[in-house]
């Protein structure tokens, strides 16, 4: 529910002088807005922490412990996600409905989701985190362009320039990676390309068809989790992961089980928190920058935890990618805000003309 100055001025203090009444209303208004602002920033802070923790945990399990069986790993993660959402629904924290008629239109998105988590897991197991993050930033660009073309979404030349710079930085990151010539890294970049295509297709389909599908964001996430858990179960047999996993040397290592449990729970909590953040009314520029800078924090934390080979050219490419994504976030938020203000001004003018 949104609160405005006029709403707060409908307080039962009309018997007081006008100046006093306005002062009291202003106090209530500021208190309410400050509490809402603190709650929103707390939610954003939780999301940023979960984002960094989830990706660091995934990288640890995939690269340090070398659990490179993506069908098993993602089947576990999505199964935990199903359980977390189901328990949250039974406890009344979220609402889930089981509408079979809405599943068929959402089926392409669920297939793209499976492709994205599988390819993303394989890419993250091979690549260093900075390269993964910089290329991951480009996932948003195709969906934003589709939104401009289909939904007449506001944009500016700065938007286009920042997207071009971000794409160029992703290509430079691949070219300047000092470990690119290694076979595993070439495979990692191949799967990163598949991930970008799958995740972009998921975002584009959600942009183009998401509003027409009679499912809430939480329900869409639940069905994506459920479909992935079901689809990856036979895939683990067909692709041979369930047989190859017998040679995994850390089945009796407690850190492996702690990492897997944390990976599933943190991933589900991060996605739920992300949905809550997306529902915040008119997110500010600072909040979007905070979310964007969570990726920068992830890069810095990964440098302190994981080993890797870096050169000056590679570091410059990563810096260009981080800067371009921050500029894209600023220009996108500014364009949307200006468009919203223009629409509000037009509606206000029409209202005055009608009265």
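Positions of Cβ are set from backbone N, Cα and C atoms, glycine also.
Here is what TrEMBL records for this protein:
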type	residues	note
TRANSMEM	38-56	transmembrane segment
TRANSMEM	76-94	transmembrane segment
TRANSMEM	101-121	transmembrane segment
TRANSMEM	127-150	transmembrane segment
TRANSMEM	157-176	transmembrane segment
TRANSMEM	188-208	transmembrane segment
TRANSMEM	220-244	transmembrane segment
TRANSMEM	256-277	transmembrane segment
TRANSMEM	297-328	transmembrane segment
Using a Cβ-Cβ cut-off of under 8 Å, list the residues of the same chain that are 6+ residues beyond the ends of the transmembrane segment (127-150) and lie near it.
-> 55, 59, 159, 163, 166-167, 169-170, 173-174, 177, 179, 185, 188-189, 192, 195-196, 199-200, 203-204, 206-208, 295, 298-299, 302-303, 306, 308, 310, 314, 317-318, 321-322, 324-325, 328, 332
Take the transmembrane segment (256-277) and find every residue of the same chain, 6 or more past its ends, with a Cβ under 8 Å from one of its Cβ atoms.
-> 43-44, 46-47, 50-51, 53-54, 57-58, 60-61, 65, 67, 73, 76-77, 79-81, 84-85, 88, 94, 217-218, 221, 225, 250, 283, 287, 291
Quick one: find which recorded stretch in 38-56, 101-121, 220-244 has the most Cβ pairs under 8 Å with the transmembrane segment (76-94).
-> 220-244
Can you find at least 3 Cβ pairs under 8 Å between the transmembrane segment (157-176) and the transmembrane segment (297-328), where each pair is 6 or more residues apart in sequence?
-> yes
Cβ-Cβ under 8 Å with the transmembrane segment (297-328): same-chain residues at least 6 beyond its ends = 48, 51-52, 55-56, 59-60, 63-64, 128-131, 133-134, 137, 140-141, 158-159, 161-163, 165-166, 168-170, 172-173, 175-179, 289
Same chain, outside the transmembrane segment (220-244) by at least 6, Cβ under 8 Å from its Cβ: which residues?
-> 69-72, 74-75, 78-79, 81-82, 85-86, 96, 103, 106-107, 109-111, 113-114, 117-118, 206, 210, 213, 268, 271-272, 275
